[in-house]
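Below: the structure, in structure tokens.
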Amino acid sequence: MHSASGTGFNRFTFPDLKTVLAKASPLRSGDLLAGLAAETDEERVAARYALADIPLKRFLSEALVPYERDEVTRLIMDSHDYTAFMVVSSLTVGDFRNWLLSDDATPATLKALAPGLTPEMVAAVSKLMRNQDLIAVARKCRVVTSFRNTIGLEGHLGVRLQPNHPTDDPAGVAASILDGLMHGAGDAVIGINPATDSPDAMIELLKLIDDVRERLQIPTQSCVLSHVTTAIEAMNRNAPVDLVFQSIAGTQSANDSFGINLALLAEAQQAASSLNRGTVGKDVMYFETGQGAALSADAHEGLDQQTVETRAYAVARAFSPLLVNTVVGFIGPEYLFDGKQITRAGLEDHFCAKLLGVPMGVDVCYTNHAEADQDDMDNLLTLLGVAGTNFVIGVPGADDIMLNYQSTSFHDAMYLRSALNLQPAPEFAQWLRKMEIFDQSGRTRPKLDGSLTQDLLAWSGAA
Amino acid sequence: MVGGGIMSMADDNPNVPRLDPWSRLRVHTSARIGLGRVGDGLPTSQLLEFQMAHARARDSVHMPFDAAMVAGNLAPLNLPVITVQSRAANRAEFLQRPDYGRKLNAQSETGLFDAANNAGANTSPDVVFILADGLSARAVHENGADMVRQTIALLGDDWSIGPVILAHQGRVALGDEIASRVKAKISVVLIGERPGLSSADSLGAYLTFAPKPGCSNAQRNCISNIRPAGFPVCDAAHKLVYLMTECRKNSLSGVKLKDNFTARNLVETTLALPE
């Protein structure tokens, strides 16, 4: 039983840890839908007072989802590094926020601490943090990964080139790949959401990307975002699989609903690693997450949507991913109602993942039934650039014609790199210069008459 | 002239940024490629075009469902038409409480069966058609009645057809409760899909055998993207009739219903977005 210790509001009591966490969470529609949100603003802040007094150690002794029946809980508990945790082991959640913002929490200290933190500790402290706190601390956490290039370095911003097409038409996909490369996008990955989830469709698209990558010696990686079992089948057929993709969530039952478990992810990681296709590094996994996924599968186990989302990052970090991104506005207004809620969730997801040592990027996005527009996306994109997101998504004109939602555009990424002086992955930036897509001062101003750009145009059918 | 739209931008105006030379590849995709640039930003014409598409999509979500107009378009069928409402009282509630959109409100719950009886509708029909606004009333206004008419025209005489139900603030699963109350063997829910930027008029068709509250999406077959520039109504109606025939013959729907239908321009998924 927890109560708020501040004078005058002891009338609020919270029966257990998960209730304190849920009621302390900033307001969002998904928690209202689940019946977990605070009833009043006063109760919400009272819950934060109660949460601030809870020792971090409590999260090691009290599992929010029972250890016996949830493999994500077992993963979190069994992989916890108590030695790494020592530096903050005596702190409460409130103290932990103070410490994170202090000069003691340097990039090196935070990196060393990551294996000592559990998702629940991180979710808890995020609920006591304002947006600027989430940005200020995330900026200090660098998580660097590599495959054919290096992603997540300070002062850099990657872009996933997302050339989706409603029928996977190769000419249509190629046209969008060209468009993205000409805007300097594609260092994080050239990653297609296929319209059809089958090994044949996956292999055809993989070959398409591999063809242009080999032809122009592009230092990047490809991915077709099919189900992990489809990728395993494609690898069995010797397809050129760079990265294995999977959507993941924070409970065993939610992962069940995705048709996955930890053993299956391990099998896929091993299969992709054994192909030895990386030249700079061996991070071969790509995960997507997003608040509301567990609730929509009715598998949230009574946890608020931000806490259960954070547990998905424990799943991610167990498999050394190259890329992870939250798809923050995709799920719809019943989980994140408007631009304010999407912005908050995007910053929370990025912060929580980074603090846990997960290489987080963000799909800054919205749907047409959410109360949000491009101004909201501009704001969140800029905030995430300041916070040091590893990458964002690039879609032609921000309009994903396959998934019917709006993400960020290639132009948006150019704006962000330019406004905050952020560079693409170093290997990719070098390639952009060689291609004369970048000019001498590093601006995206492609020269279209060079032989290499002509070759790219010819590949896409535009020359 | 004010309000001339994008076409008013003269091609030879030196102040208008040019499209990228590869914009001709748009013959292969409706993706917004080759938009040109101003510095790192988007040219004014492209900015406004996007805003217009977003405005239309949002208007489709928030447009009130004009059930009387749809009923008028259904009149030639001579079928009883009954209007119901889900537990979601308005759009804001509908958007935030998907569970409300899956249940009838108290009045519709108690009155539906009698209303059907009083209207002289078939009791225990083979199929009931349900038109719900979903996330785009515009999709139902523009394609809903046409889809019902063309589908019924293709069905054989041995199909008994229940009343046509028009549902305000409805989600797909609302059809389960409606169909079980009018005792239909099969339900066909025609519902406005979540609008994309360039597809504000997209209708979805969901077929369910033995519909009753609690049915899962795995028990449904879906035809998506029904609209003139997507999967046109005439093709979609043929496909729906094929699925309905197989469904009745095999007494099942969903993932186990083998879909061997082939037609030009097929855009089909067994499972669409969670509703």
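Yeah, the Cβs are placed from backbone N, Cα and C, and that goes for glycine too.
Note that the coordinates shown come from a computational prediction; the quantities given were computed from them, not determined experimentally.
As written in TrEMBL, here are the features:
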BINDING   A:R160, A:L161, A:Q162, A:N193, A:E288, A:D363  substrate binding site
BINDING   A:P194, A:Q246, A:S296, A:M402  adenosylcob(III)alamin binding site
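Projection of TrEMBL feature records onto the structure.
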residue	record	Cβ neighbours (10 Å)
A:R160	substrate binding site	27
A:L161	substrate binding site	29
A:Q162	substrate binding site	29
A:N193	substrate binding site	19
A:P194	adenosylcob(III)alamin binding site	21
A:Q246	adenosylcob(III)alamin binding site	25
A:E288	substrate binding site	22
A:S296	adenosylcob(III)alamin binding site	22
A:D363	substrate binding site	23
A:M402	adenosylcob(III)alamin binding site	21
Q.
Of the binding-site residues A:R160, A:L161, A:Q162, A:N193, A:E288, which one has its Cα closest to the Cα of A:M402 (adenosylcob(III)alamin binding site)?
A. A:N193
Q. So, in DSSP terms, is A:Q162 (substrate binding site) helix, strand, or coil?
A. coil
Q) Between A:N193 (substrate binding site) and A:Q246 (adenosylcob(III)alamin binding site), how far is it from one CA atom to the other, in Å? A) 11
Q: Would you mind reading off the Cα separation of A:E288 (substrate binding site) from A:Q246 (adenosylcob(III)alamin binding site), to the nearest angstrom?
A: 6
Q) Listed in sequence order, which of the binding-site residues A:N193, A:P194, A:E288, A:S296 sit with a CB under 8 A of chain B? A) A:S296
Q. Per DSSP, to which secondary structure element type does A:S296 (adenosylcob(III)alamin binding site) belong, with helix, strand and coil as the options?
A. helix
Q: Would you kindly give the Cα-Cα distance separating A:S296 (adenosylcob(III)alamin binding site) and A:Q162 (substrate binding site), rounded to the nearest Å?
A: 25
Q | Mapped DSSP class for A:Q246 (adenosylcob(III)alamin binding site), helix or strand or coil | A | strand
(Q) Suppose the substrate site is A:R160, A:L161, A:Q162, A:N193, A:E288, A:D363. Which further residues of the same chain have a Cβ inside 8 angstroms of that site's Cβ centroid? (A) A:V189, A:G191, A:L225, A:N325, A:I393, A:V395, A:S407
Q | Distance from A:L161 (substrate binding site) back to A:P194 (adenosylcob(III)alamin binding site), taken between C-alpha atoms, in Å | A | 14
